[in-house]
Each structure stands twice: as structure tokens, then as C-alpha cells.
């Protein structure tokens, strides 16, 4: 039995092309499991996680390459289900042609690897039907690779929202009814629904419940948000198949003890294991006060999903940026709609949001990491491939220290980012 070739995670050897059936063993790391961090090994072959019992008892062999992870944490790659853009690119903007849009999408996907993000849902805010018809066919699902993070499908945040809770969305493009034939309205506005992973709608709109059932029947995850709804329409939405609240606390009715609105869904008797509910939350210290983060965490921790809601200014300098047709001014971590005090997306990275959640709530690093990996994967029904390090899943993972600083990112077992 041959001895494995031993290398450090930052070795140039890992720049070499991986051969078919080449067996890798990642050692000297704390592996994120459902029940916490474990001192374990991860085995990878042909881009997927392998059962070590298969290696030991059936194949009776050792690894070809043994990778020393220098006592770092090995976590599934981060998943961001609400990302409006980044690095100067805005997913709601289609300028001239498909090739230019795809190049921008690929540029963001590539640079997200440095944040440990291996899968994301490009998010398009309230836009014209013409824009949806152009960009949606370009947002096809894909696996993570050395070229960039994988695409989960689009998150369409609008235009079926409440005008009074539109936030920074352009009022003239908001649609406040699904009409008498919601299926026809949806197809007219979006075109094909094939590439839609998540849609955010206001559940109080005329025809919303029928629309929710239509989306769910097509495999689209429905999220409620940008809404003035009382608790009743929110509960009806969950009963009809909605599974998420978009950026909890933001762009919705404030909690009131006589009608808690969508926030009341966190403790609703209609939310159960039969109707599980997740909520996106922007843990950047700007969108959501630390006290609100703590309330959410202590009320319904199981549903907490970290999202960045980042805009084109992510990774860029302060200044003027775009979000769809809107002009946004960015200073530090604050992004404001031109001429207003309205918060307009974030410029925080996923590692920053994970760190801030731990700081604000006192939660464990394991909980915070699960909220950026396993829980969003469960929400979208992709845990067979992403969000875990279970046998058979894609070997998309990140090496981080206890401060959640990303040291290296791997996609299908290939190192795709290394911190210099």
C-alpha cells in the first residue's frame, strides 16, 4: 500500500490538475457537522465527498494526496440566497447584450470565491417585464468551479410587492395585483419561470395565494416580504406553500402586540414541521439592530438564514453605485437611496455577516456557519449536493479560522481560492 503524498492546504501542489479517481484526504481540521465541529477527516474523489469506510474496508487503500489543513475549520461553502450584485456589477441591470451580462455575472461568481461563497442566487429587484425576459434565461443553475461560485437560480424580489413597503425599489415598476389570472400575469411579467429559485411577493396582494400555489407547483421557493400584510395573509401564504420571509424586519409592518404582521410568523401556531419557515436576515449591524437579531435568534433560531443582500458596491470603494434603475450612495457599510434616508441593500460580505451574528447574539460559530450553509440549502431543497459535508455531496468547502477569515476555498475538491 503506497504512502500518500503529504502537502499543506496552501501548497502549490494543489494547483496541479486533479486526475480521474485521484483520492484526497483532508486532515488536521475541525469539520462542521450537524452536531458541531468534529476532529475528523474529509475524503474526496471525483469532486464529491466519499465515505471513509468505503476507502478502508472495501477498497483497502490510502489517499493519493493528504492535505494538512493546519488546524483550521473546514465548513461547507457559504450559500447566499439574496445577492443583488457585487464588485461593480448589478444583476438588475441589462445594458446592451447577453454576452456583457454573462461576463458581469461570471465576474461576480469568480470574486465571491474569496468570500467563501460557493453558491448564490443572483437577485433581481423590481424591474420591467422587458428586463426579466432578458436576464432570466441567463441565470441558469450551475455548479461551482474554478471559474466561480455556482448559481442556484434567480431570486426575483418583486415586482409583486406592496408599494408602501417597496424600500428602494422603483415605484413606477411595482405591480400590486396578480389580476384575475395569476398564472398568465406571472408568465407575462417574467416569461419562463424555469430559472427562478426564489420569488419574493407580498401575500396581501389580490391573487397572491393562487400565485403562491402556482410557483410552488413549479418548484420555486416562495418568500413573503416587501409587504404591509397583517399576520392572517402571512399565515395563509405559509399554508399555501410559502417557506421564507425576505430580510426579516426590513420592508414590512413593525411588530404590534395586537397584530404582529409577518414578524408574527416566527411564533405562529400555523408554522410547524409540516409547514417549516425560514427567514433571511441581514446581519450587518446596519439593516437590523443587534437587539432585533437577538429577538429573532431566541424566538426561532431554527429558521435563521444569513443573507448579505449585497449590492454592486460590495468589494468596491465608497461612492455612487447602481441598483437596477436606482442611484445608491455608499459610505462605509451604509448604502442609501439617492436623495433619501432609505437603506438600499448592503455592502457586507458573508464572512462579515457570520462574524456579526456571533458578536450580536452570542451564538456559537457552529450555529452561525450552519445559518450560511445547511439551512439555506435545506430551504432550497439542495442538501443532497450543497450545504453539508455528507457522503455524496459536492466537495464545495471553505477553510476558515475562528474569526471566519477565509484562508482557502475548494469547489468539487479543487482549490479555487487561496489567501495570499
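Any Cβ shown, glycine's included, is placed from N, Cα and C.
Heads up, TrEMBL stuff is auto-annotated, nobody curated it.
Noted in TrEMBL for the protein shown:
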ACT_SITE  309  active site, proton donor/acceptor
BINDING   157, 226, 247  Zn(2+) binding site
DOMAIN    73-416  domain 'Amidohydrolase-related'
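Listed in sequence order, the residues 82, 125, 158, 161, 167, 200, 223, 225, 246, 250, 251 complete the 8 Å Cβ shell around the Zn(2+) site centroid, once 157, 226, 247 themselves are left out. Of the listed binding-site residues, namely 226, 247, the sparsest CB environment within 10 A is found at 247.
For the pair residue 309 (active site, proton donor/acceptor) and residue 157 (Zn(2+) binding site), the Cα-Cα distance reads 11 Å. A mean pLDDT of 95 is what the model gives for the domain 'Amidohydrolase-related' (73-416). Sequence-distant neighbours of residue 157 (Zn(2+) binding site) (same chain, six or more apart, CB under 8 Å from its CB) are 82, 123, 124, 125, 126, 169, 200, 225, 226, 246, listed in sequence order. The number of other Cβ atoms within 10 Å of the Cβ belonging to the residue listed as 'active site, proton donor/acceptor', over all protein chains shown, comes to 28.
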